[in-house]
Amino acid sequence: MSDRTRELRTYAIGYGLSLVLTVAAFAMVRWPSFGARAIFGIVLALGLIQMAVQFRCFLHISFKRSSRHDLQLILFSALIIALMVSGTLVILFNLRGRMMG
Amino acid sequence: MSEPELSHAGLNLGDTGELTQDQAENAIFGFWIFLMSDAVIFALLFATYGTMIASTVGGPTPASEFKLLPAFVETLLLLTSSATFGRATIAMKYDEPRRVLFGWLGATLGLGLVFLALEANDFATMFAHCAYPMRSGFLSSFFALVGLHGLHVAVACFWLVVMVGQVCAYGLDARVRINLLRLGLFWHLLDIVWIAIFSVVYLQGNIG
């Protein structure tokens, strides 16, 4: 199989998987079948999977073949993002609970 | 089936006549650092949105403002534009006829512009309900987050037009190829940010 065929297939797989994950997430909300918290959890999980699919298929980041530090940079950014976002949410929800509660 | 080693994010061109893999590696890595810092900005706007979501001060709420159908159509448009941009990069890599490259770039631009038009229509509908940024903390953070993403898409559309101009003026030389790869990374990353927006903003607003 030529490089071109393989690359076309990678984009097609990425597009197909993203479509399925998008439709699944919207369908979960349009026709709810669980509690609100469970649905939100599933939507977030589907979103994270779709991000991973697009990083893999559209941005060509993978665990084994990247010789440069693209993946390390993503993981470092993800760590910073997780710390700052979760820290902000914890502190401000806690503050709201104490002020308004 | 052994795949060649990748040296940078995005489609790797390999050694073409115009551009060596090393040149591309250095040029793309710098842009990748910028993209990751941009992702951190968006993440903090998401955190702000998360803390502001209940601060509606008796005004419009997520449930009253966000409709599923427009969000779904916008999602499909942006996702498809990401795939067509990928197809355009392949056309560039294998030196397909210029009209094929321009066709896919044109399709990408068209999808991006329709996305912007729908988003502008959403915002106009919200303004008509008195849902403007100064109304509440919720709306301020919503417009900061989704507005900044829309601004990025607008800049990317403008950049795409500039790139078509560069291809016409200089042909596909090393600089133009690197610029197209950078724009591709930018475009794909905007779609990844949109995944978070439709999940956290539009879908969360319609749950329950």
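Glycine is no exception: its Cβ is also placed from the backbone N, Cα and C atoms.
Keep in mind that what you see is a predicted model, and the values were worked out from it rather than measured.
Annotation comment: TrEMBL describes B:1-206 as domain 'Heme-copper oxidase subunit III family profile'. Among the features that TrEMBL reports, transmembrane segment is placed at B:29-49, B:100-118, B:138-162, B:183-203.
For the transmembrane segment (B:138-162), same-chain residues at least 6 beyond its ends with a Cβ under 8 Å from one of its own Cβ atoms are 38, 41-42, 45-46, 48-49, 51-56, 59-62, 78, 105, 108-109, 112-113, 115-116, 119-120, 123, 126, 131-132, 183, 186-187, 190, 193-194, 197, 201. Beyond the ends of the transmembrane segment (B:29-49), by six or more residues, the same chain brings 8-9, 141-142, 144-145, 148-149, 152, 182, 185-186, 189, 193, 196, 200-201 to within a C-beta distance below 8 angstroms of the stretch. If you average pLDDT over the domain 'Heme-copper oxidase subunit III family profile' (B:1-206) in this model, you get 90.
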